[in-house]
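Take a look at the structure below.
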Amino acid sequence: MACYWVVEPIPVAATSLLPVVLFPLLGVITTKEASGEYMNSTNMMFVGGLFMAVAIEECNLHKRIALNVLRWVGPTPLWMIFGFMSTSMFLSMWISNTATAALMVPIIEAVMEEMGDKVTGKEELIELKKTSIVVIDVKPVTENGALPDVHARDSDVQLPTNTPEANRLRMIAVLKRAMFLSVAYSANIGGTGTLTGTGPNLVVKSVTERIFPESNDLTFDKWMIFNVPVMLFCVFIAWGYLCLVHVRKVATVYTSAVKKSLKQIIDKKYEELGPMTFQEKGVAVLFFLLVMLWIFRDPHFIAGWGSYFPVKISDATPAIGIPALLFLIPAEPLKLGRSRPILEWKTIQHKVPWGVIILLGGGFSLALASEKSGLSKWMTQQLLSLNISSPLAVVSLLSIMTAVLTEFTSNVATANVILPVVAELAVAMRIHPMFLMIPVTISCSFAFMLPVATPPNAIVYEAGEMSTLDMLKPGILMNLVCVGIEVFMISTYGKVVFDFGEFPSWANNTLTI
């Protein structure tokens, strides 16, 4: 299946249905066990998150947030990149990184076109470079959906080398590349901030619940307490790197006229949205309520609302319950009886990436089969034979290996193959499972080197008219730095959040190698 996920002889979602056929026929697990993983509580939580994300996109709340941030930070290159990165990071925590990148690309295109016009004059700009306006049609794909066709090529920009206009345009091209890379980096990193932000996070939750059913370490609030600082640290480093390498080169072309023009175009785009509608306000309130319910279901420092029910309540319950209200509340309450609801089912049918839900389910089924067949134990034994006794060395090796592997295959597939093995390895080495599993999970999202690694990479690669080397060279540094930050944080701050001082009793009850 992993090979099929990589080379895609059939669609990824179709490959993800094969466990229902193959595992029972091969005697690995029953049909009931294989099928049950496709709609477990983790996947239901993901479905509810997708419904809320579609509602945010449908009412353009995400676009309003993005333009508001850009208006707030101002039109200087340094702070515009900060605005693009902070917005992409925040949105990617809650909606797909693909939709985030697709939203930001047209805004960057408009800003850079205006800047190019002011720097060189429109006639010279049209003559000196090829038209590169990219229209992104947001379709129901996420980080694990089908990628656009991407082919390695040299940059399309053809510039004379001995004219002032060419030099200025070259600087604009450098800034444009930096802005596009900033969106790709922050969209990929942003998904690590919440438990529902990206597929691998949900995979580690599912694997933990199955292998360590008594564990309560992976709650929504604990995940954010640890990973939001890591996410902010990584994005800050990426911002500093892009500004240091790229922004300082464009100071000579950034005049007061350019600044005024950029401010006008951002203000114009914001004004086109009009006043905030009841639909946007309703989505914002319900979204905030959902996040609060996730955080306070079992917050550890006080009794969560989930403890007042006679049966165990998981995060899937509010994830489905709150979005259900979107179908009930009218978008225009003053037209009661004639107004459509905030979210219509036909919109859900069209925009929800159902294939990704199947992909997650297929991965969960594969992980269960790996565990029950003994494959995870066998792979663990091979890793133990390397005789690496230092936990820090083990987590560093696994994180780097995962970051490299996820450049070539789906991050969900990578997580489903590796995480059961990592869980078994942690038990065998008497290491707190979260010490290994969380960095490996986060490393699945550190795919910065290749255009085909993630949809945001592919989108900005095409829109920014980059060569593969334009993405590869800074991507290698970003991979190493982000993995290093993750390993450092789990070794220091992670001890405070997850109490790595002793081997947990809930892991002690797990069968060892």
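Cβ coordinates come from backbone N, Cα and C, glycine included.
Sequence-remote contacts of a segment are chain residues at least 6 beyond its ends whose Cβ falls under 8 Å from one of its Cβ atoms, and for the transmembrane segment (12-31) they are 1, 4-5, 37-38, 144-146, 354-356, 358-359, 361-363, 365-366, 368-369, 372-373, 410. For 12-31 (among others), the entry in TrEMBL reads transmembrane segment.
Among the features that TrEMBL reports, transmembrane segment is placed at 38-56 (among others).
For the transmembrane segment (76-95), the list of distant contacts is 49, 52-53, 56-57, 62, 65-66, 69-70, 101, 103-104, 107-108, 111, 175, 178-179, 182-183, 185-191, 193-194, 196-198, 231, 235, 238-239, 242-243, 247, 250, 254, 259, 262, 287: same-chain residues at least six beyond its ends, Cβ to Cβ under 8 Å. Residues annotated as transmembrane segment in TrEMBL: 76-95 (among others).
Positions annotated as transmembrane segment by TrEMBL: 178-203 (among others).
Taken from TrEMBL, the feature transmembrane segment covers 223-244 (among others).
Within the chain carrying the transmembrane segment (278-296), a Cβ under 8 angstroms from the stretch's Cβ atoms is held by residues 48, 52, 55-56, 59-61, 64, 94, 195, 220-221, 224, 302, 304-305, 315, 318-319, 322-323, 325-326, 329, 331-333, 342, all 6 or more beyond its ends. Among the features that TrEMBL reports, transmembrane segment is placed at 278-296 (among others).
What TrEMBL lists as transmembrane segment is 352-370 (among others).
Taken from TrEMBL, the feature transmembrane segment covers 390-423 (among others). Sequence-distant contacts of the transmembrane segment (390-423) (same chain, at least 6 residues past either end, Cβ-Cβ under 8 Å): 1-2, 5-6, 12, 143-144, 198-200, 203-204, 207-208, 211-212, 356, 359-360, 363-364, 366-367, 370-371, 376, 379-380, 383, 429, 431, 433, 435-437, 439-447, 449-450, 452-454, 479, 482-483, 486-487, 490-491.
Annotated transmembrane segment per TrEMBL: 435-454 (among others), in sequence order.
The transmembrane segment annotation in TrEMBL covers 474-493 (among others). Nonlocal intrachain contacts for the transmembrane segment (474-493), taken as residues 6+ away from its ends with a CB within less than 8 angstroms of a stretch CB, comprise 181, 185, 189, 226, 229-230, 233-234, 237-238, 241-242, 245, 392, 395-396, 399-400, 403-404, 435, 438-439, 442-443, 446-450.
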**Item:** Stretch among 38-56, 178-203, 223-244, 352-370 sharing the most Cβ pairs under 8 Å with the transmembrane segment (435-454)
**Value:** 178-203
**Message:** How about long-range neighbours of the transmembrane segment (223-244): same chain, 6 or more residues beyond its ends, C-beta under 8 Å?
**Reply:** 78, 81-82, 85-86, 89, 93, 178, 181-182, 185-186, 189-190, 192-195, 201, 295, 438, 442, 474, 477-478, 481-482, 485-486, 489, 493-494, 497-498
**Prompt:** Near the transmembrane segment (352-370), which same-chain residues lie under 8 Å Cβ to Cβ, leaving out any that are not at least 6 residues past its ends?
**Reply:** 1, 11-13, 15-20, 23, 28-29, 33-35, 37-40, 42-43, 46-47, 50-51, 54, 96, 140-142, 144-145, 199, 202-203, 206-207, 210, 376, 410, 412-413, 415-417, 419-421
